[in-house]
Each structure stands twice: as structure tokens, then as C-alpha cells.
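Chemist: This is the structure, below, for whatever I ask next.
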Amino acid sequence: MNRTQLLTLIATGLGLFMIFLDALIVNVALPDIQRSFAVGEDGLQWVVASYSLGMAVFIMSAATLADLYGRRRWYLIGVSLFTLGSIACGLAPSIAVLTTARGAQGLGAAAVSVTSLALVSAAFPEAKEKARAIGIWTAIASIGTTTGPTLGGLLVDQWGWRSIFYVNLPMGALVLFLTLCYVEESCNERARRFDLSGQLLFIVAVGALVYAVIEGPQIGWTSVQTIVMLWTAAVGCALFVWLERRSSNPMMDLTLFRDTSYALAIATICTVFFAVYGMLLLTTQFLQNVRGYTPSVTGLMILPFSAAVAIVSPLVGHLVGRIGARVPILAGLCMLMLGLLMLIFSEHRSSALVLVGLGLCGSGVALCLTPITTVAMTAVPAERAGMASGIMSAQRAIGSTIGFAVLGSVLAAWLSATLEPHLERAVPDPVQRHVLAEIIIDSANPRAHVGGIVPRRHIEHRDPVAIAEEDFIEGIRVALLVATATLAVVFLAGWRWFPRDVHTAGSDLSERLPTAMTVECAVSHMPGATWCRLWPA
């Protein structure tokens, strides 16, 4: 490994490190962000969802543009956009600016994630050196995923929530310098053309759906605004499907979904990310807003999830090579559902049960992600593997975005329906009760200060904070039950239709990914799920 190769490895590894660091670091800062901008559950959902939404709508187009116009160029664009977005997040004067800046971070993250490994692969043409380089590259990225929650908690406790974004600035500057000076350009001369119409329709469809789901509990599911957005999403999706089926260079080749195994693998991976990212959002809020933990302690509490994914992931490939993909997928889904059920029934009990539940969720995710990738990539012809991998990447981001939106909205809807009636005995005055319920819901915090609204002498029978905490816990339980139910559906579908004989060698799978999309076989967007060892025959 010469000096240029080493610096290329550092530049690409640090870029991915930043992307993975931001996957979970924001969650522990949400209560502080809420207090700064006085926003409710919907505002917090936008802060976390806008990042994954930016990745979801742009990741496939970013890969095409990188293949067409140069991966180094688009890596620089991605890092620059991500770094500028981080600056804007840190300086944000309002929740709207913060949400927009998070979306810009997501767009930059999409470009970085689909170009990073391709640049490493181009810098190390010899097979053994390439394998060693990818191992180092994944190790650098893994550090970011496993330390994200803990580092985020420490930064928030010491310097406030804005510091979690400023930490990206020195790294971004270093990555830009190293890339400009040492990373060589590469591209794909056979790349397909950029599908602008498909990209725009995809943005409209996904964006309108996410907007309707997040804002629905606040503005009403039957409001004109919500109905218009739902219709916009439906029409946009229909037009997208119609256009992509007729395009000679589609952004998303929908004919791949004719294969039952591939379609089910995509549905499964989307559902896993839906459940897990929604769970992480709700668990973080529970630990800080209900249990009253500091950001630092919350970050440590989340660590078992990331650690379990990082530890189990490298071991799963060997298991797939020996017994196939079906059993690990189903076992992983069962373990993930068990972890969610443990979280559902652990709120009033010890923190140890929460830690065990998070560890089970992480182990379940790690156990099923690699075999899902195996099923998906062996179900398609080798010449279409890049497209298949890109769709899988987009569905991961879409799943996490919808998870933030749907499960957060379930909590908000539950509170809107139950909190005020449950406060009736504690706060008999209807005006005070309504105002108090609105404050608690809008602050997304059952510990919101109530003294100025309801004087202590007007409180009867029970403390409103205790009632609000119980409603928050019940709302989180309902949301996690929704996540568990969706996993149960894909588990039953997988039991029926997942193939029983998928044993794919790493060399065979790696040969299927010749484009910038190769990043998907080494890096999952799940925090902590970074690996480089492909399974043996």
C-alpha cells in the first residue's frame, strides 16, 4: 500500500464515518432541540426524517450521476453538501431551517454512500490489497456507527445540541483536502442516462406521503391539506410506475419486482428499517422524557443495539454459506420481534430489560440483513445487480423515513386521543385541562412544566405529570406493537415464500456489483452494520 492509496483510504473512510455518525447522533439531542424551538412531536419527526428522506429520494440518481460524471467529483459534492448542511444545522435559528439543513445533509450522504467504496475499489486493483483495504475502510466506518449515540450524548451534555453538527466540520474539511490532493477520478463508461422525470416524480410521491403521515395527527386526517397530500402521493406514485415501465433508462427498474424472492427481500428490508428506526426514535424519547436520563446516559443505553449489530454482522456470512439464507432471516425477524416485545413490557421495570431488548433488536437486525442481501442479489441477473442493489439501498432509506413518520405519528395520535380525557380527574377545570394537554403534546414531553397553567391547589387526586407519563408509555407501546405487527406480516410471508436453497459465495456476489452500487454489499445503512467479510461457498 503506497502513500496515495493510504490517503485515499483515509479520505473515503472518514467520509463514510461522518455519514454513519449522523445516523444516530441526533436522536439523543431531540429533547434539547425541542426545548430550543418549542416544537411538538411532528417537529422532532421532521428533524430525523428529513435526513433519511434526502437519502431515499436521491441515492439512486446519485449513483447514476457518479457513474456518468465521475465518482471523485460526486464524492466531493456529497462531502461538501453534507458539511455545509452540518454548518447550517448548527446555526439554525428555527426548526424549519434545521429540517431543511438536515435534508441537505441527507442529499450529501446519498452521494457519499454510493461513491466511497467505488473509489476504494478503483485505488486498489489487486485482489488481496483490495480485500485488506475494504477491511480497513469498514473498520473506520464502524467506529462511527457504534460510538454515535454515546458521543452525541457527551457533546449535548457538555456543549449543547448544536455541537453534534459542528463536530462534522473539521472532518469534512480534512476529507475534502485529502480527496482533492490524493484521490483519483473514476467513472463508468457504460452508465445509463440520468432519469430526471423519474427523479422528480419520486421526490413528489415520497415527500407528499411523509408530509401527510407526519402532519396528519396535528392538522387532522380528514383535513383538506392531508387529503391533498395523500392524493398527491398516490398520483405521483402511479405516474412514477407508469413512466418507469416505459422508460429505456429508468431510475428504478420495476421489472425486477416480478421475481417473488427479490420483491419479498426488498419488502423485508424496508420493514426492518421501518421498525428499527422508529423504535430508536421512540426509545430515545422514552429514556429522556419519561425516565429523565441525561443525553450521556441515554447514549450509553442505546449502545447495546449498535454493539450487537457490529459484533454479530461479521459472523452471519459464514452461517449463510453453511445453512442458507432462509433460516437466518426468519430467526433474525423473530429475535427482532422478541426485542420489541421486551421493550414494550419493560417500561415500568428495570433498565436492564431495556438494555436486553435493545441488544436483541440489534442481534436480530444483524442476523437477517446479510441473508436478505443474499436472497435479493442472487434473484437477479448479474448484469442487473447494480440496479437491484440501488433499489435495495433506496428502500432502506425509505423504510427508515416512513418508520420515523408512522411510529412517531402513532404516538402523537394516541396522546391526542387519550391525554385530555385521562387528565379529567386530576384537573377538573376544562380550560386548564385542555391547555395542559396541548402543552404536553406540543412539547413531546410529559414532564413539561405545568405550574404556570394549573396551580397546585387546582390539582386533584393525581399528579398530571404521572398521568402524562403513563399515556406516553402506552402510546410508545402501541407504536412498537404496530412495528411488531408489520414484522410479523413479513415473517409469515418469508416463511411461505423465501427460498430454501440460497448459498451464495462471496466471490460470486461481489462479481454482481460492478458499479458504484458495490457499496451496498459492504455497508448497510443500519447503524453498526458494517462488514467486509463475504461468506464462503
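Using the three backbone atoms N, Cα and C, a Cβ is placed for every residue, glycine included.
These came from Swiss-Prot, pasted as-is:
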- 6-26: transmembrane segment (TRANSMEM)
- 46-66: transmembrane segment (TRANSMEM)
- 104-124: transmembrane segment (TRANSMEM)
- 136-156: transmembrane segment (TRANSMEM)
- 163-183: transmembrane segment (TRANSMEM)
- 200-220: transmembrane segment (TRANSMEM)
- 223-243: transmembrane segment (TRANSMEM)
- 262-282: transmembrane segment (TRANSMEM)
- 300-320: transmembrane segment (TRANSMEM)
- 327-347: transmembrane segment (TRANSMEM)
- 352-372: transmembrane segment (TRANSMEM)
- 478-498: transmembrane segment (TRANSMEM)
Chemist: Counting Cβ pairs under 8 Å that are 6 or more apart in sequence, does the total for the transmembrane segment (327-347) and the transmembrane segment (223-243) reach three or more?
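Modeler: Counting Cβ pairs under 8 Å (6 or more apart in sequence), the transmembrane segment (327-347) does not reach the transmembrane segment (223-243), since there are fewer than 3.
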Chemist: Give the nonlocal contacts of the transmembrane segment (163-183) in its own chain as ranges (CB under 8 Å, at least six residues past its ends).
Modeler: 3-4, 7-8, 10-12, 14-15, 17-18, 21-22, 25-26, 29, 72, 75-76, 79-80, 82-83, 86-87, 89-90, 119, 123, 151-152, 155-156
Chemist: Can you see whether the transmembrane segment (352-372) and the transmembrane segment (104-124) are touching - at least 3 CB pairs under 8 angstroms, only pairs 6 or more apart in sequence?
Modeler: no
Chemist: Which stretch from 6-26, 104-124, 136-156, 223-243, 478-498 shares the most C-beta pairs under 8 Å with the transmembrane segment (300-320)?
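Modeler: Most contacts with the transmembrane segment (300-320): 136-156.
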Chemist: Which of 46-66, 104-124, 136-156 shares the most C-beta pairs under 8 angstroms with the transmembrane segment (6-26)?
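Modeler: Out of the listed stretches, 136-156 contacts the transmembrane segment (6-26) most.
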Chemist: Mind checking which residues of the chain, 6+ beyond the ends of the transmembrane segment (46-66), have their Cβ under 8 Å from one of its Cβ atoms?
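Modeler: Result: 22, 26-27, 30, 33, 73-75, 78, 95, 98-100, 102-111, 113-115, 118, 187, 191-195, 199, 202-203, 206-207, 210, 214, 251-252, 277, 281, 386, 390-391, 393-394, 397-398, 400-401, 404-405, 515-517, 525.
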